[in-house]
Structure formats: structure tokens, C-alpha cells
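Visitor: Can you keep this structure in mind? I'll have questions shortly.
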Amino acid sequence: MNTATGFIVLLVXATVIGGIEAGESDMRKDVMGLFRRTICTGADRPCAACCPCCPGTSCQGPESNXISYCRND
């Protein structure tokens, strides 16, 4: 095995081990929750499948124009 192949194997193994450790970490849940809160859809904005409504709001509709909106609960 040459140096480049050894480096690639080491890099892949470190990535796999890091992914396993991150999956078991409580910190990951907090970071993902923070990420979700930053991309949620606020009140009176159109709902989207990729971006859920923020806490305290829910997707309601569709309105007369066939678009659903996040509304305060």
C-alpha cells in the first residue's frame, strides 16, 4: 500500500468513527434542534414540505389560492 492509499484509508476510517460517535452524542440532538429552529417557517408564511412551521404555529389551509400557511395555534 502506498502513501496516498494509506492516507485515504485513514481518512475514511476517521470519518466513519466520527460519524458513529456523533450519532451517539447528546450534543448532536441539540445542534440539530437549533438548526431546525433556524429554518422553520414563521407565522403567516406559506408552508413548505422541506421547512416545517415554527413551534407555536401549524400549517393550515389551503387558502383560496390553494396555498397553505403557517398560522399561530
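Cβ coordinates come from backbone N, Cα and C, glycine included.
Swiss-Prot lists these features:
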type	residues	note
DISULFID	Cys40-Cys54	disulfide bond
DISULFID	Cys47-Cys59	disulfide bond
DISULFID	Cys50-Cys51	disulfide bond
DISULFID	Cys53-Cys70	disulfide bond
SIGNAL	1-22	signal peptide
SITE	Ile39	site 'Important for the neurotoxic activity'
SITE	Arg45	site 'Critical for the neurotoxic activity'
SITE	Pro46	site 'Critical for the neurotoxic activity'
SITE	Cys50	site 'Critical for the neurotoxic activity'
SITE	Cys51	site 'Critical for the neurotoxic activity'
SITE	Tyr69	site 'Critical for the neurotoxic activity'
Visitor: Measure from the CA atom of Cys40 (disulfide bond) to the CA atom of Cys53 (disulfide bond) and give the result in Å, rounded to a whole number.
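Guide: Distance (Cα to Cα, whole Å): 5 Å.
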Visitor: Between Cys70 (disulfide bond) and Cys59 (disulfide bond), what is the CA-CA distance rounded to a whole number of Å?
Guide: 4
Visitor: How many neighbouring Cβ atoms, not counting its own, are there within 10 Å of the Cβ of Tyr69 (site 'Critical for the neurotoxic activity')?
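Guide: Other Cβ atoms found within 10 Å: 18.
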Visitor: What subset of the recorded positions Ile39, Cys40, Tyr69 lies within 10 angstroms of Pro46 (site 'Critical for the neurotoxic activity'), using C-alpha positions?
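Guide: If one measures from the Cα of Pro46 (site 'Critical for the neurotoxic activity'), the recorded positions that come within 10 Å are Tyr69.
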Visitor: Please report the distance from the Cα of Cys59 (disulfide bond) to the Cα of Cys40 (disulfide bond), rounded to the nearest angstrom.
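Guide: Between the alpha carbons of Cys59 (disulfide bond) and Cys40 (disulfide bond) there are 12 Å.
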Visitor: For Cys40 (disulfide bond) and Tyr69 (site 'Critical for the neurotoxic activity'), determine the Cα separation and express it in whole Å.
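Guide: Distance (Cα to Cα, whole Å): 13 Å.
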Visitor: Please report the three-state DSSP label of Cys53 (disulfide bond).
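Guide: Its secondary structure by DSSP: strand.
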Visitor: Return the residues near Cys47 (disulfide bond) by Cβ distance under 8 Å, restricted to its own chain and a separation of at least 6 in sequence.
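Guide: Once residues fewer than 6 apart are set aside, Cys47 (disulfide bond) is near Thr41, Cys53, Cys59, Gly61, Ile67, Ser68, Tyr69, Cys70.
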Visitor: Out of Cys50, Cys51, Cys54, the disulfide-bonded residues in the record, which is closest to Ile39 (site 'Important for the neurotoxic activity') when you go by Cα distance?
Guide: Cys51
